[in-house]
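Below is one structure; the comments refer to it alone.
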Amino acid sequence: MATSSRRVPLLLLCLGVLVSCSFAAGSLDQELDITWGDGRGKVLDNGRLLTLSLDRTSGSGFQSRHEYLFGKIDMQLRLVPGNSAGTVTAYYLSSQGGAHDEIDFEFLGNVSGEPYTLHTNVFTRGQGQREQQFRLWFDPTADFHTYSILWNPKHVMDFRNLESKGVAFPKSQPMRLYSSLWNADDWATQGGRVKTDWSHAPFSASYRGFKADACVAVAGGRTRCGATVGTEGTGAPASAAGAGDWYNQELDLTLQQRMRWVQRKYMIYNYCTDPKRYQQGLPAECSMQ
């Protein structure tokens, strides 16, 4: 594709979940707050561009002003170019507390000319250990690419809602969007064998085009969803009133085929094929997906 902002079909990164509030891609400083980094995070170009930077002293990060309970969230990212070994650009949804839910995507840097690694995980009630890793098959530093998180009541893409069979699923805890750029050269690149080359600092990642079509958590444990302004529900919404098509989106045959193609060609680690890691046997969903 030759467009200036390329959409990445992160089939593996999509979640399945609920109700919807639409926020058009507008001024980033109206929807996102830079929360740490002592000036290393910046909003530029009249609110249309946000950058995070990392140097030997500190990284930086931001979070969304809203918490979401299900939705489709888009962001255009351009990752750290050149020798990014040792750096991690994290982009994830998370609730708070020890029994938190989290949908986690981490882009692990590499030496110049080598591909980025995408590290994914899903936490439910504080339990993760669902890691998968993929070599990116495109250059995520040459241009902005749109990364989409789709979370609805049915699936986090190939992580389906199997609560009826005893597998926990993230469905009741509102989550905030976070992103950060930080140093993790003790593990991020080739298992920690390649360290961060600080002569290339400061490292920088760029963001634009944020859009959340999601249910927003408001006071009193309620949610406000969709284009129908003021539509609210109590607790986890029981209907898709106000939500977009994403609310009922299934993993259709075309998406399944594309996802299997990515897994077959670019997956380098899958927790479901690592039985030595689990003394009590593989997680239950591995035999059900």
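The backbone N, Cα and C atoms fix where each Cβ goes, and this holds for glycine too.
Database features (TrEMBL):
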| type | residues | note |
| --- | --- | --- |
| SIGNAL | 1-24 | signal peptide |
| DOMAIN | 21-207 | domain 'GH16' |
| ACT_SITE | Glu102 | active site, nucleophile |
| ACT_SITE | Glu106 | active site, nucleophile |
| CARBOHYD | Asn110 | N-linked glycosylation site |
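Within the same chain, residues at least six positions away from Asn110 (N-linked glycosylation site) with a Cβ under 8 Å of its Cβ are Ser84, Ala85, Tyr116, Thr117, Thr189, Gln190, Val194. Residues near Glu106 (active site, nucleophile) in space but far in sequence (CB under 8 A, at least 6 apart, same chain), listed by position: Val88, Thr89, Ala90, Tyr91, Tyr92, Leu118, His119, Thr120. Within 10 Å of the C-beta of Glu102 (active site, nucleophile) we count 18 further C-beta atoms, all protein chains included.
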